[in-house]
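TrEMBL annotations:
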{"type": "DOMAIN", "residues": "8-119", "note": "domain 'Cadherin'"}
{"type": "DOMAIN", "residues": "120-226", "note": "domain 'Cadherin'"}
{"type": "DOMAIN", "residues": "227-327", "note": "domain 'Cadherin'"}
{"type": "DOMAIN", "residues": "329-429", "note": "domain 'Cadherin'"}
{"type": "DOMAIN", "residues": "430-538", "note": "domain 'Cadherin'"}
{"type": "DOMAIN", "residues": "539-647", "note": "domain 'Cadherin'"}
{"type": "DOMAIN", "residues": "657-756", "note": "domain 'Cadherin'"}
{"type": "DOMAIN", "residues": "757-869", "note": "domain 'Cadherin'"}
{"type": "TRANSMEM", "residues": "986-1009", "note": "transmembrane segment"}
Amino acid sequence: MPLDGGYVSESSPVGTTISAGVNLTTPLGIVALDNDVEEVRVVCPTQDPMLKITLDDYTAIFSLTPTGIIRYLRLLKPVDREKQMTYTFTMVASDGVQRSGPVTVNILVVDANDNAPTFAQVSYSVDLFTDMQPGETVLQLTAGDADEGLNGLVTYEILAGAQGHFVINNRTGRITVAPGVSLAVGRSFALTVKASDNAPESLRRSSITTVYIEVLPPNNQSPPRFPLLTYNLEVSEATRIGAILLNLQATDRENDPIAYRIVSGDSQKVFNLSETIGLLILEKALDRETEERYRLVVTASDGNPGGTSTTTVDIVVTDVNDNDPEFDPAAPTNFTVREEEAHLFVGQVKATDPDAGANGQVSFRIVNHPDLFVVAANGSIYTRVPLDRELRDSYELVIEASDGAVDPRRTTLTLTVRVTDIDDNSPLFSQQTYVVNVPENSPVGTVILTLSATDSDLFSNVTYRIKSESARRLFSLNAITGELAVLQTLDFEDLTAMGTGASYTFQVEAVDQGGVTAPGQATVTVRITDMNDFSPVFSQPLYKGMVAPNAEKGTVITTVFAEDPDPVGTPASFVRYRVDQDKSPYSGSIFDVEEVTGRIVTKVNLNEEPSLTFKLFVIAFDDGEPVKTNSTLVEITVLQPSRIPIFTQEEYRFPPVSELAPVGTPLGTILAAAINQTIYYSIVAGNDLGHFRVNNRTGVISTAKPLDYENVTSYVLRVQADSLLVVMSNLRVPSKTNTAKVFLEVRDENDHPPVFTRKLYIGGVTEDTKIFSSVLKIATDQDTGNFSAMAYRLIIPPTAEGQDSFVIETYTGVIKSAIMFRNMRRSYFSFEVIATDDYGEGLSSNADVVSVVNALDMQVIVSTVPPTLVEENKDQLISILERHVQDQIPGAKVIVEAIGPRRHGDGFELEDYSKSDLMVYAIDPLTNRAISRQELFKFLDGNVLEINKEFQPYLGEGGRILEIRSPDIVASVKKAAQAVGYTEGALLALAIIIILCCIPAILIVMVTYKQRQAECAKTARIQMALPPGGKAAPTSAVGANLYEELGDGTERAKARRSRLCGPNLLKRERRRKRRKQTKRGGRASRLRRCRAQRTLFVTNHSLLTRFSLSLSLSSSSRCFEFLHLHSVSLCFHVLCFSLSEFCTTGSLASSQHFWLCRFFFLYVAVESRQLPKTVYPALPH
C-alpha cells in the first residue's frame, strides 16, 4: 500500500531529511509495527526499534536512518527535478524471521528556480521591406525555461533599440511593426530583447538576445507567405494511412507557382506533403508508443531568389488503447505463505501498459480465488482468510491486469502459492474407539492390537502412550509402533467373579513430540474371551426309556440333560446334543435327539417287537473354542401293548372358562382305559406357562393360575395316560393311543376398567373456534369385544352463565366446543371426563381435562419449508421446543394448535404454501394454564439459533426458522380495539332517528294545544254575546267543561245570567253543542281503546322484560345486544304512546310519567350493562 508522498527540494543539499508536506517543514517519519507480520506506514511515534527496513531501489540517492523508533529518509546526493520529477520505490520491514509486505513510497521533487529562460539563438537577423504594413510579424521569438509553474512562465520585453517602430507580445514573444509606422529604406535596428521567468523578484532569472533588423527597398518578387508561422496539430495514432491532416496553403503576392517541401522533422517519411497544393497526408501508420511528437519544418518557394518562406508544423500523436498490460517477465511467480493466519503478504506482481492516460493505468484482479486472496492496487497480494495446508497445500492463482479504458484490455498471469506448514493439528487415531477380543490366558507379550495415528502437519513425530495408570499394569504400548501387548495373564472366570465384566476400557494418547498441540486420544476396549475350560457333564451316566411298539414318528421317549461349568452366557456354556452314529448305527436310524432340548424322540413310525431294548449313545458338545464333548447311554425298551392305556376319545372340548375363574376351578375330565393297570395322567404339551393342572389319578383338569383373555384366548393341551408301573420307573411310554388333545376356550369378562392414556388432558381453543369444533380425543381400554366399547360423559362444574362450554361425543370420546368464545371473560376451563366400558354399563374411570382459551398466548414459528414437511416431523419438533421451554419451566408442555401455510401481508391475508406457520402454546404444569406469549417468546426467540440447529435434520437442507411472531389474532384484536363497533354505531344512528322523530311530534302537540285554546276562547265570547230575554242555554256538561277549560267557571256564569241569548245564535249554539258531544264521544271511545292497548302493551312488555333480564346475566354479547335493542324500542313505544295520549287528552297521567321514567332507566341500565337488582321488583306483573 502506498504511503503519503514525501517531498524534497531540488536545491536541497546532501543530508536533507525528506519532508512529509510540500511546505518542507515536517519530516517524513517511518514506523514499522511488529505483530508477527509488519506493515510500514506513516504513524505517530510508537514502538519496536529492532526492525530492519530496506529499500529496493534508489539506494544511492536515499537512505533510511538505521535505528530508532521513528526512521527518516535522508538525501545522499542532489536531485534535479528537470531530470527526474518523482522517485518511486518500495520498503520492506524484517525482524530477522519474517518479512512484511512491500510498501510503496513516492518521493516528489519540489521545483527550485534554478534555470533561466534560454533563447534558441544568441542573436537574430531579419530583413524587412518598406512595404510591410503595421501589425505584420517581423519575428517570432521563443525562449524555453525547464522549471515549472511560475518559475517556468516566460515574459518578453524589448529593452532598447526599437525606437518606437516595433513592439513585442510579452506572452508569445512575437515582434510586429508598430501601429502607424512606415519603414524607411536603409534604416537598421538592433533590438535588445529580454526573456524573464515569473519567480519572486529575489529569485527571478532572465536572459537577453539581440535582434538585428535591416530595412530594404520594396521587393517586387516577395516570397510566398504562410498564414501561420507555427501550426499545432493533434493526430490519433489510429488515423488511417492516406488521411489528409492539414492544408498548408501559402499565398504569393505575384501569384507565382508555389512548391512545398518538408525540409526536416520527418526522417522516417511518415508524412507526405503535396508539392503543388500543400496538403499534408499521412503516409505511414502512427505509433504513439514509438514516437509521440513530430516537429516538421515546411518551406514554400516560388522559384525566385529569396522567394522561400518557412513554417513549423507541431504534430502531437494522441493515444488509443492498442496495447495490453504486460506483466514484468523478471518478477517471480512462485510464492509461499504461512497457514492459519489472515492478511499475510504473499507476493507482488507488476504490470505496465505503454498507453497514455487511463488507457495506461493498470489495475489487478484475482480471477479464481477471490474468497481466499486479495490484491492491492500496487499488485501486492495478501491472504483474505486463514489458509489450511492440511486441506490444500498449494494454489494456482490467476491474476488479471486490466487498463482503465472504457473497453479495457486484459492480461492474465498464473502464480503458484504454496502454503507452509505450522504445527496446528493434533495427531488423529484411525479409529476413535478400538475393540479387541483377547483369549484368556494369552501369554505375556502377546500383541493384541496395533494402534495407528497420523498428524497431518509436516515433519510430525507421533508417539503412543497409555493414559491410565491401572491399564499400564496390565498392558504395554510400544511408543513407536503402537503395538499393544499383554503384560499379565488374564483369566476370564476371575474377571467375571469380580463383577467387573470380562473387559478393560482405557484411554490411549498419540503425542507429536516436536509440536505444541494437544495429544490425540482414542478409547481401547479389550474383551477377555473364555477359552472353554470345561466339557459338558450329563446329569446321570445312564438314561432309560420305554416306547410303544407302534409309536409314531416324533414321539418323545425321555430327555437327557448336560451342563457345562463354563461361565453362563458364554458360547462355551451352551450345550447341544447329537446321536453318536458310530456307536449306535441302527438305534440312530430309528431314534434321534433334539439338538437343543435333549429330548429323545422316534425318528420313524415304529414297528418293533415288544421287549426289545435299544442302546442309543448321545453326545453333548458346547460352542467353545476348542469344542469339548461328553457322551452318555440311553437304553430304550419296547413295551407290551397290553401295558399301554387307551383314551376313550382322541380330542376333548370342554365348555369355555371365564377368565375370572378362581384357581382350582374344574374344567373337565379326561378318561383312559387299560387292562389291570392303574392309570397315571399327565400334561405333556401346551402348558408351558403352567396355567392348568391334571389330577394324576382322576383325570380332572383344573386351573392352576389366573387366566387372562387379553393375553391368550384359547389353549390346546396334549395329555398322556401311562401305566402307574411305568411312572414308578420314572419313564414315559407315549404312543398313538395313550395321548389325546384337550381344547380349552377362555371367555372374556369385563375385568379391566377403561385406561386413559394420561390422567390429565390439555386442549386449547381460540376465540374464533366455531361451535361443535373438535378440541381433543380421549381414552382407551384393555378389554376386548363389547367390554371395550366406551361411553363418555363430562362432569362440568356449574358456572354463572348456566350453560356448558364443552360437550363430548358419547361413543368416540371427542370433546367439542359448545359455545362461542369471542368476548369470553374466562380463559380457563377445568372439568372431568368419565369413561364407562360395555357401552356405559360396565366399569368406569375418570381423568381431568383442562381447556384453555389461548389465542393470545400462542406463538407462530415461521419456517422456510412447506406445512407437509412440518406435519411429518411434528413430534420431533415439539420435543425440541419442549426441551428449551423446560429449561425455564420444568415439566412444561408444548402443544401444537395448527400447522398451515405462511400468512403474511398487512392483515395476514396472503398465504405462501412454500413456507409454513407452526402455531404453538405452552402449559405450566403447576397451574395447568397457558404460559403468556411474552414469556414463551422470550424462551424461544432467545434460543432460536440452537433451535434452528436442532431443527435442521428434520427441516432438510436450507430449512430454517425465519421468525417467531405473535399470531394473526393479536393484530386483529389491536385493530378491533381501535375501531368503533357495529352495535355502538347502530345505536347511535337509532338515537339520532328517535330525536329527529320527537321534534315534529312535539311541534304537532304544541300547535294542537294552541288551536284548542283558541277554539275554547271563541266559544266563550259567543255565549257572552247572547241577547237579553232569550232562553238561557241549559247548563250542560259541555258548558261546564268549557268553563273548566277556560279556567274560571264562576265569572262566566254571571255573564251568562246577565245576558239573553238570541234565537239564531241559540240555534247555532245547539248545533255546535251536538257536534261537540259527538266529537267528545268519539274521543272517549278512542281513549278507552288506547287505555286497553296500553294495558295489553305493558303486560306483554313486562314478560318480555323479565326474559331480557334473565338473558342479560349471561356473558354472551348477543344477549346484551338483544336487550339493548329491546330497551331502545320499548322507550320509543312508550314515548309515542304518551304523545298520542297527550294529543287526545291534552295531559299525561302520573302513571304514564312513572312508566316513561321506568323504561328510560331500564334503557340506561342496559346501555351500561350494569342492571341494578331493584329494577326487577319494580316491574309490574
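Using the three backbone atoms N, Cα and C, a Cβ is placed for every residue, glycine included.
Sequence-distant residue pairs (6 or more apart) of the domain 'Cadherin' (539-647) and the domain 'Cadherin' (657-756) include at least 3 whose Cβ atoms are under 8 Å, placing the two stretches in contact.
Only pairs six or more apart in sequence are counted, and the domain 'Cadherin' (8-119) with the domain 'Cadherin' (329-429) gives three or more Cβ pairs under 8 Å, enough to call it a contact.
Across all of the domain 'Cadherin' (120-226), the predicted model scores a mean pLDDT of 89.
Within the domain 'Cadherin' (430-538), the DSSP-based counts of helix, strand and coil residues read 11 helix, 47 strand, 51 coil.
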